[in-house]
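Q: Just dropping this structure here.
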């Protein structure tokens, strides 16, 4: 009799850059869990079909990355409270009754990584660039840290305004046009995927000062294009999304397996692996 190994995956497009299989393989080894975790490309307009096929083939759970987080939100039969508020899902799990529950662990991953770097969020002036699913997923956890203000800006201003309106009852949040921002912020978070293409958001470099911390949700070998730009314009610190990735992955693993892996050791291994490429 052959024992079936539980299957997990990450869906995205592009997905070649993903380190999720590496992370979850290390998590499994660390916690003595038997599972397989793969990276899967889904067509830009074909996430639902790909996810249905995965779960029909006895997939247990999956992570979801750009550009499918809002598709996953609509795909799930049930949502956790934080996923419902985020309006985006980065983790899906097949329940015993066959239904699919959607969760969002991005915000927890981001906040824990910022705090790990000793970034002070309480009383800080925070700028979030981008107003897609990645941004919406982290706003409530950021507001829970009690910043003095949280500003959202986006290429399409109406999307930023919609997000600000959605969360206005949760804390001091405002939306601003990219072209009107000329002041510096304490914490600048780039939630767009521009760095994957070596591009920059159309916002003034005046957002950075010698007291600023830049955080790019994207990651790569060395500085991302956004963080390089931040450092060139005086930002004191610049962090990429690798720690956020490990943090949200640990939350996902906990949802799937009921065990919380240690993130610090895995992050060190991942950074070493990434820089060695």
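Cβ atoms are placed via backbone N, Cα and C, with glycine included.
Copied straight from Swiss-Prot:
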BINDING   18, 19, 20, 65, 90, 106, 219  shikimate binding site
ACT_SITE  69  active site, proton acceptor
BINDING   81, 130, 131, 132, 133, 134, 154, 155, 156, 157, 158, 159, 217, 241  NADP(+) binding site
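Show me how these features fit into the shown structure, please.
A: Residue density at residue 106 (shikimate binding site): 32 other Cβ atoms are found within 10 A of its Cβ, drawing on all protein chains shown.
Less than 8 angstroms from the CB of residue 69 (active site, proton acceptor) sit 88, 89, 90, 104, 132, 133, 134, 137, each of them six or more residues away in the same chain.
Note on residue 81 (NADP(+) binding site): other Cβ atoms within 10 Å of its Cβ, all shown chains, come to 10.
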Q: Within a 10 Å radius around the Cβ, which one of these binding-site residues has the most neighbouring Cβ atoms: 131, 217?
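A: For the binding-site residues 131, 217, the Cβ with the most other Cβ atoms within 10 Å is 217.
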Q: Please list residues from the chain of residue 19 (shikimate binding site) whose Cβ is under 8 angstroms from its Cβ, counting only those at least six apart in sequence.
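A: 219, 242, 245, 270, 273, 274 - these are the non-local Cβ neighbours of residue 19 (shikimate binding site), listed in sequence order.
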Q: Among 81, 130, 131, 132, 133, 134, 154, 155, 156, 157, 158, 159, 217, 241, the annotated NADP(+) contacts, find the widest CA pair distance and round it to a whole Å.
A: 28
Q: Measuring Cα to Cα, how far is residue 65 (shikimate binding site) from residue 131 (NADP(+) binding site) in Å?
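A: Between the alpha carbons of residue 65 (shikimate binding site) and residue 131 (NADP(+) binding site) there are 15 Å.
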Q: Could you state the whole-number distance in Å separating the C-alpha atoms of residue 20 (shikimate binding site) and residue 81 (NADP(+) binding site)?
A: 24
